[in-house]
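This report concerns only the one structure given below.
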Amino acid sequence: MSYAGNRDQQFNRSNFGGRDGDHRGQRPSDRNSYGRDGFGRGGRGGFAGRGRGRSDDRLELTKPDWDVESLPKFEKNFYVEHEDVQKMSTDEVEQFRKENEMKIVGHDVPKPIRTFDEAGFPEYVLKEVKEEGFEKPTAIQCQGWPMALSGRDMIGVAATGSGKTLSYCLPGIVHINAQPLLSPGDGPVVLVLAPTRELAVQIQKECSKFGRSSRIRNTCVYGGVPKSQQIRDLQRGVEILIATPGRLIDMLEIGKTNLKRVTYLVLDEADRMLDMGFEPQIRKIVDQIRPDRQTLMWSATWPKEVQQLARDYLHDPIQVNIGSLELAASHTITQLVEVVSDFDKRDRLVKHLEIASKDKDSKIIIFASTKRTCDEITSYLRQDGWPALAIHGDKQQQERDWVLNEFRTGRSPIMVATDVAARGIDVKGINFVINYDMPGNIEDYVHRIGRTGRAGATGTAISFFTEANKTLGAQLISIMREAKQEIPQDLLVYDRAPRGGFHPRYGGRGGRGGRGGRGGRGYGGYGGGYGGYGGGYGGGHGGYGGKPKDSGWGNRN
């Protein structure tokens, strides 16, 4: 079997080697080990009141009675239309939008720009962009930048990996530099809400990269780690705050920050935040922000729940949709679906890893439905000599960061993940996504495979479809047809509408996570059953890149 877009190299499982020995840096076995030692966080599954008692000194977050007229005035319209954009005729604008699959909603929408120079950014912003080596703006940036710089409330609907982060990050930097400097005790000027810590960290990296010339300070606030460093950052003062909703509410309730200075609010991956149950927290947070702020909402899909949130909190917004509003997969991704039994999955997985390993630079994400399965797959692969690491919600943040860094740098080019852990991960060069377990709904399928084929690159998504996934059959086939993918004959037997009660986007979610939180039980975990990395894997299997024999990635015989 071969995959479209591969580099015409022959099978060579040792291609993943050549990494000069054990690239774990002789780390002790507590890294990514599964003898939990008491730090598993079972029972904290809720987002809103995570099982902690409220202390008496916590503030009660109530909606202020805003008097907009008495609030300090602020500037939010910075857009100066470039002369080349001014010259664009109505027909030229319509043709450009058609070519880039843009659909516009609202009145007085600025014309799209076509180059970085046309965007109207100050020179200090433009310099940062050009130094990154980008050739031209993405479609969402071409229309999103003029909309955001004009100070209007706006909605951007575009697929994951389309460049949404820079669409709001760069205008946010311009916005900050036009506001008065922070005084002691002031909260941020720009607030970005994101569904997961991984996405929040990724956003922070972009803000740091493009805000350095202006010396704009930022911090990232999320759960799963101690509050102390986050509190210190907030108390020193930051212009940009990137946060997950739950931890931000914690910080507001204990008085470590406030949102009185926020005039630029971003809701990133709004559909994900609502899907994860964050709507009450979002509403509580937004109520703490002055109503005449500029609000930007970004989403990969446009379900009715997101539409309602936009109606409640955005004023006279303008909207750009890139591509179809129907759920769709990127056309740069080759989708391969195999109808298999659960018994066949492991053999099929190894076969695909052998194919992928002919490119020594490949990065592969394997999705599993539960934390336990995630651990079991990783254990199986590592025993077989594959350099795999796992990431899921039971892991401490320090451990997750280490795993991501090993994956990002290619030292461990296989990462086994659950949906929640992988949300927001933006790693360049992911060639393959393997759905070892199909997700519970079609939206998560599209989101998973969107880890590859980003920003115009090509990628391959392989999915193991079993009889247990039959309720997804019709929707999966529809997604594949829209992307002009070849549909296997044994999948076509599932091409029928799901039976009653199955919502086309959200049905079937109730079964997810049933076995979550059991990682390490019943099979000893890595640290217990197999002696940890330094013992069982480092000694018995040669670690990542060393022995057995001359193995690197996969020469395991």
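Cβ atoms here come from the backbone N, Cα and C positions, even for glycine.
In Swiss-Prot this protein carries:
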type	residues	note
REGION	1-58	region 'Disordered'
COMPBIAS	40-50	compositional bias 'Gly residues'
MOTIF	114-142	motif 'Q motif'
DOMAIN	145-320	domain 'Helicase ATP-binding'
BINDING	A158, A159, T160, G161, S162, G163, K164, T165	ATP binding site
MOTIF	268-271	motif 'DEAD box'
DOMAIN	348-495	domain 'Helicase C-terminal'
REGION	506-532	region 'RNA-binding RGG-box'
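Across the domain 'Helicase C-terminal' (348-495), DSSP helix (H, G, I), strand (E, B) and coil residues number 70 helix, 26 strand, 52 coil. Residues 78-82, 84-85, 96, 100-102, 149, 156, 158, 162-164, 166-167, 170, 173-174, 177, 209-210, 212-214, 320, 322, 455 of the same chain, all 6+ positions outside the motif 'Q motif' (114-142), place their C-beta atoms under 8 angstroms from a C-beta of that stretch. Cβ neighbour count for A158 (ATP binding site): 24 (other Cβ atoms within 10 Å of its Cβ, all protein chains included). Each residue in T138, I140, A300, R454 lies on the same chain as A158, A159, T160, G161, S162, G163, K164, T165 and has a C-beta within 8 Å of the C-beta centroid of that ATP site, without being one of the site residues. Shown for the motif 'DEAD box' (268-271): DSSP residue counts in helix, strand and coil, namely 2 helix, 0 strand, 2 coil. Mean pLDDT across the region 'RNA-binding RGG-box' (506-532) comes to 36 in this model. Note on G161 (ATP binding site): other Cβ atoms within 10 Å of its Cβ, all shown chains, come to 21.
G161 (ATP binding site) carries neither a helix nor a strand DSSP state and counts as coil.
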